[in-house]
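Participant: Structure below; questions to follow.
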Ligand SMILES: Nc1ncnc2c1ncn2[C@@H]1O[C@H](COP(=O)(O)OP(=O)(O)OP(=O)(O)O)[C@@H](O)[C@H]1O
């Protein structure tokens, strides 16, 4: 499929307000995509690679603005692009407003002789771009993007290319639309598509399978060792909620660590993925060694990596983050912070997918697999509130964060924040907020950013809620500086504007109503607790949650 064709069709989808019509339009794009189907099934969602893929474009708005400015010619610079963007908020519209290809006028209406961009070519170029790393990689990325932009012959191509590289097509197509469109295009049941998506996380694979092998092919899509699935998530809840909803409650410690999915294959590599499906294997050699020593069948386990002291007792979450996702000095840090696996679920064992097997049975399988180790969560099924409270008290005494309450009969539903898992934490809630600005430090800290402006997520952006300056030591400040540097958008004297990318966990004493910040709220005594490297801005706390917490206080 030509990229111009894809872009024209994307514009039709964008212009269509009705959901059902949108599904039909997307279905027809999928139907016409031919060999490019797997790519098109992702591009319509603003995704270049499958969600589980290690590959990331890592193009921030800054690089995109530079490439657009360069493609727009000598009279435009990145600041001009930024000014326009500030007005419209749409990188695609801004890109399309320039004559990036230098081929407008007659050229746009005539056959230009076969230099048309193909969807696959765009994908291949972006794949090459994603592989760029190390010094000079930013220039290489801008150069590739510039090259692609100059080959765009229509405004629509420019618009959707710019949006695609920033991961936001803005055509109203989400995962559900592509799921339904796949079913409609290839005449297969939505439920079969949904199941295949749950276990594969790959819209391209599922669309192609639906088209080429129908419902039987979809039913044959299984969990794959080495291909992570989304983590099942929890809601906040109480023992009364749990006992009100189910006959029995399974209660487990809530470990204060980082979520991992362990994929073990006795004949292949053992891999460890984060909650965002990022490969964190190299950062956690102990977990790999543990799996290799104790598992002798193929397995996919869900759990938490915790930092422990010499007695094996849990250390605070911040300690784990010193190890998680670490790329350098892993062996040295291993001496400083010991980490261990605490597994609480089993998605696959010895060739069997267990997603639809009740939790009690999955946990029993997990216990069998890891028999004789300390790595399996303690698991009590009870209908007695006192007994459950006693487990909760023990969990806190043992240094855990609280307890998880789970429906013992529930299936494992990847990616769902359902009511089958409830988390009960006695501590004052913390907030995960996005850094959207900063101020340079003073005195000894004048060389680093010292105060960070925090924002809560809303449906269409971010609203500021406070500033945090306490709780960071020099090493943490320096590390945070490095994390934020690629996202600096603008600087004006003491203050710096930062694109939303980094999430901080902060504690506070109270949430107050306040006109000082755009959210209408302010945090009293905010303090830094951790950089939530395991979360994207989209996972940060919403303003709605801030409002709920504020209400609960009064
Ligand atoms: N026994 C357990 N069962 C399930 N999840 C557990 C358990 N112990 C710790 N956890 C952690 O608790 C989280 C469940 O809460 P939730 O789904 O809301 O994720 P979260 O947003 O990361 O929450 P939090 O910030 O409270 O850890 C899981 O993602 C997991 O990391």
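Glycine residues also receive a Cβ, built from the backbone N, Cα and C atoms like all the rest.
As listed in TrEMBL for this protein:
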ACT_SITE  254  active site, N6-AMP-lysine intermediate
BINDING   252, 259, 275, 304, 344, 417, 423  ATP binding site
DOMAIN    332-458  domain 'ATP-dependent DNA ligase family profile'
Participant: How many other Cβ atoms are found within 10 Å of the Cβ atom of residue 304 (ATP binding site), counting all protein chains shown?
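Facilitator: Excluding its own Cβ, the number within 10 Å is 24.
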Participant: Under DSSP, the domain 'ATP-dependent DNA ligase family profile' (332-458) has how many residues in helix, strand and coil?
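Facilitator: Taking each residue of the domain 'ATP-dependent DNA ligase family profile' (332-458) in turn, the totals are 32 helix, 51 strand, 44 coil.
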Participant: Around residue 275 (ATP binding site), which residues of its chain at least 6 apart sit with Cβ under 8 Å of its Cβ?
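Facilitator: For residue 275 (ATP binding site), the qualifying residues are 231, 258, 259, 260, 534, 535.
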Participant: Mean pLDDT for the domain 'ATP-dependent DNA ligase family profile' (332-458), rounded to an integer?
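Facilitator: Result for the domain 'ATP-dependent DNA ligase family profile' (332-458): average pLDDT 92.
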Participant: Using all protein chains shown, find which of the recorded positions 254, 259, 417, 423 scores highest when you count other CB atoms within 10 A of its CB.
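Facilitator: Its Cβ has the most other Cβ atoms within 10 Å: 254.
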Participant: Based on Cβ atoms within 10 Å, give me the single least packed residue among the binding-site residues 252, 344.
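Facilitator: If we count Cβ atoms within 10 Å for the binding-site residues 252, 344, the smallest count is at 252.
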Participant: According to DSSP, does residue 259 (ATP binding site) sit in a helix, a strand, or coil?
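Facilitator: In the DSSP reduction, residue 259 (ATP binding site) maps to strand.
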